[in-house]
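Structure first, then comments.
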Amino acid sequence: MVTVTTSSPAILQPCNKHASRGAVVRYFPPLLWGRTTSYGHSVRTTSDETERSSRGLQPSPATGAAAAGEEGDTIRRLQNGPDVRGVALEGEMGRAVDLTPLAVEVIAESFGEWLREQQQQQLGSEELRVSVGRDPRLSGPRLSAALFAGLARAGCAVFDMGLATTPACFMSTILPRFNYDASIMMTASHLPYTRNGLKFFTKRGGLTSANVENICDRAAHKYVARKMGLGRGASGMPPPVVMRVDLMSAYAQHLRDIIKQRVAHPTHHDTPLNGFKIIVNAGNGCGGFFAWDVLEKLGADTTGSLHLQPDGTFPNHMPNPEDATAMSLTRGAVLAHGADLGVVFDTDVDRSGVVDDTGEAINGDRLIALMSAIVLGEHPGTMVVTDARASDGLTRFIESRGGGHCLYRVGYRNVIDKGVQLNAEGVETHLMMETTGHGALKENYFLDDGAYMVVKIIIEMVRMKLAGSEGGVGSLIADLEEPAESVLLRMNILGETKYAKQNGITVVEAFKKYIEGDKLSGWVLDDCGDCSVGEGCLVDTNDQPIDVDAYMYRAKLFHENKRPVGMVHIRQSVHNPNIALNMQSYVPGGCKSMARDLYKRFFLATGVKDFVDVSEVEKFAK
């Protein structure tokens with residue numbers, strides 16, 4: 001192992017049941033779990049403030065109010081809905097590194113302060129205990145050191161889980177023997193290896209967009225002060241003491257216990273997956289543990305599994321259940337090895353997709369349909385919440401099984417929060433899923449956990465086999481009606497990144513106003529359902545409406561004979577400066593017809609092409 005040196009080198013203590021006080025040792029990078037892992041390089045980081053101080057420089061006279069405001073906006077722009085995301089490594093065309101060690105440090109410190117305020121009444125003067133996990137990205141060790149320093153500066157006790165999954169971070173606040181007050185996961189999910197980010201949890205679940213906005217605003221003020229050389233930076237603090245803990249083993253045990261208890265196999269209780277072949281494609285992210293520490297220990301044969309070893313460059317494909325390469329490779333492995341199931345995880349395992357025994361990919365609407373079939377079997381009549389990109393065929397599938405379907409805003413936090421809200425209002429809602437593969441269950445703390453979703457599917461698969469069913473899990477969705485065509489186009493927002501959000505709002509709002517002004521004949525805004533939601537899922541008339549983190553609308557196009565052509569969902573991306581255009585057609589060729597109509601009668605006619613690059617729409621429409 002090699003030492004990671006920072007401006008405030010962490011000090012690591014071994015943690016025995018998370019309370020022991022062993023000898024203090026120099027901090028080493030957390031071990032990557034897996035069968036064989038190693039570090040081949042050392043990392044040294046120095047914050048901007050420390051660098052300035054070491055050179056004897058004073059704040060520049062040009063750093064006035066305007067400059068300070070721009071520096072602070074650097075931090076505010078890192079907010080990504082309920083998360084923080086930014087560029088952590090050089091290499092992206094047109095994107096400078098903005099998620100620096102200093103940025104991470106002040107955000108972590110601000111989170112610790114916010115957490116103290118939130119829990120002051122319950123804890124009084126007790127020390128807050130915060131766990132930290134990360135995915136295998138190359139920037140992880142360097143930024144983790146800054147994260148530790150920021151939390152310690154806020155008076156938090158820090159527990160390092162090393163390589164972990166996002167759901168496991170939340171479960172560290174729940175599982176016995178851990179029971180932390182909060183947790184932070186360092187990940188950028190399916191985004192390129194140059195990115196990184198932070199996801200925040202308390203015992204109540206993930207933070208809201210409003211919470212993270214508050215934290216980033218605090219951090220912006222600290223960032224400006226540190227850049228100006230004001231206040232005491234990490235270099236003026238004693239080295240943070242970090243306790244190393246093995247959370248993933250306990251989390252894997254938790255998942256194994258659920259499978260054993262709910263399958264209740266009549267002949268081999270402890271190995272209920274004996275005789276089953278299951279392929280896992282972790283995409284070199286954090287999901288390899290599921291093959292080694294969950295499936296194999298329950299008796300499953302995982303021969304043929306793909307890309308289990310963590311690799312922060314993601315050399316084979318992005319870990320993403322929506323990625324065509326990931327699903328194709330998994331399909332090939334399932335068919336080659338005669339497997340009963342294939343599993344695809346995203347980087348931090350809060351999303352998943354599966355492949356059935358026939359090689360059929362089950363993601364998007366299909367995955368929601370499969371989970372709906374399982375959950376409605378357990379909870380008849382339950383409401384299912386999805387994002388508004390879901391198809392009309394999915395609505396009919398859910399309703400045909402006695403369930404209700406609430407379509408809501410895109411964004412996993414939006415979908416989950418809507419489910420929590422409905423339950424609070426007395427509407428039984430057990431499943432909340434995005435078409436991207438994010439899925440949460442009421443029975444599992446409303447947590448979007450890709451591994452837990454797969455656990456539910458595996459349990460159903462085993463039960464079907466024990467009941468003598470001939471078909472695999474894919475047979476449960478044989479009657480799902482799917483669109484004739486589905487197309488996703490992206491339009492990059494033009495101009496400086498700092499104006500991207502407002503320019504995106506301008507374009508999306510123009511779409512709505514054009515339809516309302518009868519300037520797009522044939523187009524009708526779709527209210528997406530009846531759960532107190534109107535105007536394309538943006539206007540929530542509940543007494544306590546959920547915050548809007550991105551503007552979006554859903555509309556349908558009708559022929560002159562009133563027959564529907566298809567549906568379009570237009571929205572700001574919360575990840576990148578672009579606008580996503582999701583199209584679903586009810587008839588062959590419908591997506592191209594809708595694209596042509598929008599290109600000629602909206603993008604060209606309104607002048608919004610001055611705000612966005614519509615070349616992808618133009619190319620598709622030709």
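Cβ atoms are placed via backbone N, Cα and C, with glycine included.
Predicted, not measured: the structure shown is a model, and the values here were computed from it.
Noted in TrEMBL for the protein shown:
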REGION    41-81  region 'Disordered'
DOMAIN    81-217  domain 'Alpha-D-phosphohexomutase alpha/beta/alpha'
DOMAIN    251-359  domain 'Alpha-D-phosphohexomutase alpha/beta/alpha'
DOMAIN    363-462  domain 'Alpha-D-phosphohexomutase alpha/beta/alpha'
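Break the domain 'Alpha-D-phosphohexomutase alpha/beta/alpha' (251-359) down by DSSP state and the numbers are 37 helix, 18 strand, 54 coil.
Mean pLDDT for the domain 'Alpha-D-phosphohexomutase alpha/beta/alpha' (363-462) in the predicted structure: 94.
DSSP states for the domain 'Alpha-D-phosphohexomutase alpha/beta/alpha' (363-462), grouped as helix (H, G, I), strand (E, B) and coil, give 52 helix, 21 strand, 27 coil.
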